[in-house]
Amino acid sequence: MKHRICMVSDFFFPNTGGVENHIFQLSQCLLQRGHKVIVVTHSYGDRVGVHYMANNLKAFSTMAHEALIHGRAMNLKTVFTDHSLFGFADISSILTNKLLSFTLADINHVVCVSHTSKENTVLRACLPPDIVSVIPNAVDSSVFMPDLSRRNPDRITIVVVSRLVYRKGMDLLAGVIPVICQRHDDVDFLIGGDGPKRIDIEEVRENYQLQDRVRMLGSLPHGNVKDVLNEGDIFLNTSLTEAFCMAIVEAAYCGLQVVSTKVGGVPEVLPEEFIILAEPSVKSLVEALEVAVARQREGSHVPAQQVYETMKGVYTWQNVAKRTEKIYSSIMEMPVLSLAERLERYNKLGPIAGKFFIIVAVVDLLLYWFFEWWQPRRNIAIVPDTNQPAYTDADMYNIHAPTGPKDPAELCQSESTEGSLYVQKLRPPVSRKGDR
């Protein structure tokens, strides 16, 4: 069964980041499998090309939730993908969770990126677990691969690639750097990323005279991440909360030893022999890094190429697309809820909130009917089907894979149980909210 799929996301190109890459790659593989895909995202007018900080959008935008409400008013099947973990205690979390319980009250299916994320979403939105599936993110193995020629054999380099914000554990990193540098004269830090906590790392570098041993690269285009990772021997993740953490998967694909805080869905991501887990404290992270540094000196760590060969078939976009396609096909068999059934579900969300959500849903439906009368869908241009190849992985990341097939149809390579499968890259049309 072929589907017409509308992806709605707050984050998409020209912004770069994990969610943007997820939407882009999944759309390519779904297109290759014969489905029609469009992407709806924010419009930036004439300022396309300016990079906006994703965390500035994330805190305030409800675009995806609005799209779910509109979709149900149009009797469309809806699927929500959750990439984040949220708490339950503070005011912000309480309000966010209440909104989530409304937008997911009559959802057809929910996708989470880890089992920890699934538990979090089920509890936050009071969902039945059987409508929530776990589909992890993926990495393109033709882009992220070891390149030992970029490493300095005389030094041990610890790489950090992250947004420099509190949630990413930058306070922990600021405590770890001087301790490790004091204990090991041959260990350097390479930090890629930007954010409000950058000043704390800069202060540590100045106070401990570590300008030559702690390199700050600033904000990195995603296309440069692979090259930065391949300069390192050890990857350090200090996050305080993570639903999945793509960064440690990319680091493992490049053959680095991975040291990470044991939070959220991180323990599910890599095999035990490829990661050293630590509690989110300076002491525990220092101890874990000591183990990694010792292994690096002794050469007792798993070789980079062996890590790559083991991992490259685990997280593939083609596998993600297959599993996503099965969910889309299964929900097509579900009956469409009547308006009365939808309103009854909203009413159960609370004596005050429930009534408010009913009003929102009814107003949204009335607006849909009005716009259907005012601008009938027959007068709206339909996105045409497309079969031409678009961006290759090398185009997307603005780099060229050092090895592998040269044909554009072969650059999205993924391994499956049947053997190697080459996925033709197609470019989904993008509709930007606010476009005329």
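A Cβ is built for glycine as well, from the same backbone N, Cα and C atoms used for every other residue.
The domain 'PIGA GPI anchor biosynthesis' annotation in TrEMBL covers 59-90. Residues of the same chain lying 6 or more positions beyond the ends of the domain 'PIGA GPI anchor biosynthesis' (59-90) and with a Cβ under 8 Å from any Cβ of it are 6, 8-10, 18-19, 22, 40-42, 96-97, 99-100, 103-104, 106-113, 116-117, 120-121, 123-124, 241-244, 264-265, 327-328, 331-332, 334, 336-337, 342, 360-361, 364-365, 368, 433.
The domain 'Glycosyl transferase family 1' annotation in TrEMBL covers 151-294.
What TrEMBL lists as transmembrane segment is 352-371. Long-range contacts of the transmembrane segment (352-371) within the same chain, counting only residues at least 6 positions beyond its ends with a Cβ under 8 Å from a Cβ of the stretch, are 69-70, 72-74, 98, 102, 105, 339, 342-343, 346.
Summarising the annotation, TrEMBL assigns region 'Disordered' to 404-436.
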Secondary structure content of the domain 'PIGA GPI anchor biosynthesis' (59-90), with strand meaning DSSP E or B: 11 helix, 4 strand, 17 coil
